[in-house]
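One structure below.
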Amino acid sequence: MLRLVSTASRPSSAGRLGKTAVPPKGRRAFASTSAKHADISLTVDGKEVTVPQGSALIQACEAAGATIPRFCYHDRLAIAGNCRMCLVEVERSPKPVASCAMPAMPGSKVWTNTPLVHEAREGVMEFLLANHPLDCPICDQGGECDLQDQSMRYGSDRSRFHEITGKRAVEDKNLGPLVKTSMNRCIQCTRCVRFANEVAGVEDLGTTGRGNDMQIGMYVEKTMNSELSGNVVDLCPVGALTSKPYAFHARPWELKNTESIDVTDAVGSNIRVDSRGVRVMRVQPRTNDDVNEEWISDKARYAYDGLTFQRLTAPLIKQGDRFVAATWEEALSAIADGLAKTGAQGDEIQAIAGHLADTESLVALKDLINCLGSDNLATDQLGGTAPPVHGVDVRSNYLFNPTIPGIEQADAILLVGTNPRHEAAVLNSRIRKSWLHTTLEVGFIGERVDTAYGYDYLGQDIKAVQEFVAGKGEFAAKFKAAKKPLIIIGSAISEHPDGASVYNQLASYVQTHKNKLLTPEWNGFSVLQRAASRSAAYDIGFVSSAKAAKTTPKFIYLLNADEVDPKSISKDAFVVYQGHHGDLGAQLADVCLPGAAYTEKSTTWVNTEGRAQLGSAAVPPPGASRDDWKIIRALSEVLNVQLPYEDVLALRDRMWEISPTLVRYDAVESTSPDVALAGLKVLVESTKKAAFKGLPFEKPIKNFYMTDPISRASVTMAQCTRAFTGDQESGISDEKGLQAAFA
Amino acid sequence: MSAIARLPKTLPSRTYLSRTFSSSLPRKSDALFVHRDTSYNNPKIPFEFSEENLKRATEIISHYPPQYKKAAVIPLLDLGQRQNKGWTSISVMNRVAKLLEMPPMRVYEVATFYTMFNREPIGEHFVQVCTTTPCMLRGSTDILHTVCQHLGGIKPGETTKDRKFTVVEVECQGACSNAPMIVVGDDFYEDLTRETTAKILDAFAKGEKPKPGPQSGRHTSENSAGLTALTSKPYGPGQFCSPEFQ
């Protein structure tokens, strides 16, 4: 089924040129729905192998266990076929065949290990090296360089290079503060170009010139403004694109690799933390097709240097207007004294859970506060002290129900008050992927943003939601006709004054269209969280009761809460801050307890889908800081309400008691349609009388590079902020407008 | 050594200039394939298609399916180049990108790939001297030398000081049977000698337009020595037939 894609290219009555005044963003190529392919069999090195029809020959060879060297081919990118390294011999083919660009044919016989193939690889390698500088000793890619590895394995053992004129020289490009370029080393595999165009959606990178003069670049001088740009460093098979913050810091063989979970957004990207001694040296993505494929956002990758600045390394007690370092014993008894002195009783004891609070400490803190007789549990967001509008009794009311890979099945998406590009960058690339390759239609309500794919703009406030629900407008019709429609509500909506009303409208829309939006196979109602701890907080019921929300707290416990409004804390309240950075929350505190950052503790993180994943400690926490749940456990003893778990396993048993999903790692427990419907019914009932003011939905993240204490302490993120979010003086005014139109 | 010593200082007129084996002029790739803002070439300089050209552009775009509008990028760049005094400025590329709703980078890729898009300003008359093998065998080296000397000793790729002429070396233009040849603007001047080359350049310098085509008196590529075959009178109908058919 072919379609005329992109509203951009559809001829309109205004004429083609009439449309150029407001160019719609982005384009799509012809796309067809993926057909179901039969399997085919072929022989690779004498081994029979069966692969789906339409697979590339290289995939068939891989399936047969033959290793094929390659530079340009990448599973997740379009096929370029320009490095020629993957040559194999195919029966009845007069020449070696580039296996990445050749579809696997039924019954063909392929050899990957013949003299012809060896000779071909050696020849290709020689050509690639003819223009590649011999600077491996000073190249950051050394040790993890595809070219180095493959030249050792497949290349010739001696050089025939006698070119007195020297090698090709290409000027280095400035791609911004994250990606360092050394273009002499480029072998023009174009992986970075394909990534930028297909996945990241910044169509600025390309190849200019031809032949020997061909080079990768932007032609005009500008930086690569993408929140996924760091991935080109991983993709580059040579040292042409390397990481600027990591430049000359370490060699890969010196590093300890720890598999962990990213916490800079609620996607829960799988990461590998590379550390040396007590320092995190870099963060790399880990492949997980269910979550982040193999990409991570720049914040996840480069905010790690924030882990070394502004750290709280010793318990601090405020004396007068300054903090004095203390021992743990002093600090904990100071808290006990403070609690007694304020005379806080019952709901006057409040706990606020911040963005980076892990699940273990959330559970321990909730248990502690409940033991103290309080129900006053808040999350660190606007209106976080009140019970959330969507309620927390049914998980599907606040989770990303269709799951992240499920996005690719959706054929119509409505984004409400969210900019996934900044709130969940990797998830956004899935939407873009789907938008590029399928007939996906996207509708958008909220502050206009550049999402990296085209969308129908419906409006910026509750009125647009009402109109959509009433079925007015072109997009509403498209959405109704869709087979698997998906509503994505941003986490900022529940913070918005009109949030209740929006939830009411959309939940009743889902109820009326439940035959499509809520089926056993598909739950099209989803909330996109943006804080790593939020789903877990809701899962364990870290929300206040209606009664507790009305009390003025006298004792406030901030667990990693750094977004709190200082004005909301009354002057005579006693404030405890537990966290790892001396950020906003610590300034408000009377006692600071130094906790561990996400790279320093092995804790559970629940992402926006409700997928529990276990992070692991890569480095020890600095100074006197401790695992967060242990701090709370120790405090409980001082407060004479000893929590009943001695070790983390007992604590996880407690988590299992609360919700088994919290410890069923790597799996998503989907909510059944009946329960989800019941949840929506409650939601509609509770928000029935909600009034609305008609204020526009603003994007919650103004600066993608600084959203949490770690990224705010990071020098790299500060450089990114300056380079990408400020008024960039490029001297190219028209250019900018044009870019905005297409980017 | 002795060969060099024996070379006469001034070359006799019948000898063609010789060139050593070497690559073409060393080029700094960044000067060629990276854009640098200059006073005469930056995105702030506006470029807009004239009304007539815009009509033509619409017509060109209509040749392609609407979702493949970008297929019109080469003809449109050419159109822009013609309107922009023979060179494709960054503004021309941006305008084409806007017109075709494609990212500017995709246009830059095309414009840098094809050598016939001049990304630097050129003189009023764009002189392209073919130096591919057939022309070279017929003395194009000499013609190139003549052109360069005649225009005040400039080198291929350069423009005269009065900005009237730009000389470039090009590959085969497909007029091998009339080699050597040059292209001035859109016209071929063929069968050149030093003298006729100089005459053509002089005429252009004076603002005249010499007659394009072979400069040797040939009409097209017929044999310059006259016909060597089919010289007798062709026989008419019925000739050599038996009488009943006459």
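Cβ atoms here come from the backbone N, Cα and C positions, even for glycine.
B:Cys176 ([2Fe-2S] cluster binding site) falls within a helical segment according to DSSP. Contacts of B:Cys176 ([2Fe-2S] cluster binding site) defined by a Cβ separation under 8 A and a same-chain sequence distance of 6+ are given as B:Thr132, B:Pro134, B:Cys135, in order along the sequence. Look at TrEMBL and you will find B:Cys130, B:Cys135, B:Cys172, B:Cys176 tagged as [2Fe-2S] cluster binding site.
Using a Cβ-Cβ cut-off under 8 Å and counting only residues 6 or more beyond its ends in the same chain, the compositional bias 'Polar residues' (B:222-231) has close neighbours at 191, 216. Taken from TrEMBL, the feature compositional bias 'Polar residues' applies to B:222-231.
What TrEMBL records for B:204-246 is region 'Disordered'.
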Cβ-based proximity (under 8 Å) of the binding-site residues B:Cys135, B:Cys172, B:Cys176 to chain A, or none: none
Helix, strand and coil counts within the compositional bias 'Polar residues' (B:222-231) (DSSP): 0 helix, 0 strand, 10 coil
B:Cys130, B:Cys135, B:Cys172, B:Cys176 excluded, remaining Cβ within 8 Å of their centroid ([2Fe-2S] cluster): B:Thr131, B:Thr132, B:Thr133, B:Pro134, B:Met136, B:Ser140, B:Glu171, B:Gln173, B:Gly174, B:Ala175, B:Ala179, B:Pro180, B:Met181
Least surrounded among the binding-site residues, given as B:Cys130, B:Cys135, B:Cys172, when other CB atoms within 10 Å are counted: B:Cys172
DSSP three-state assignment for B:Cys130 ([2Fe-2S] cluster binding site): strand
In three-state DSSP terms, the structure that B:Cys135 ([2Fe-2S] cluster binding site) belongs to: helix
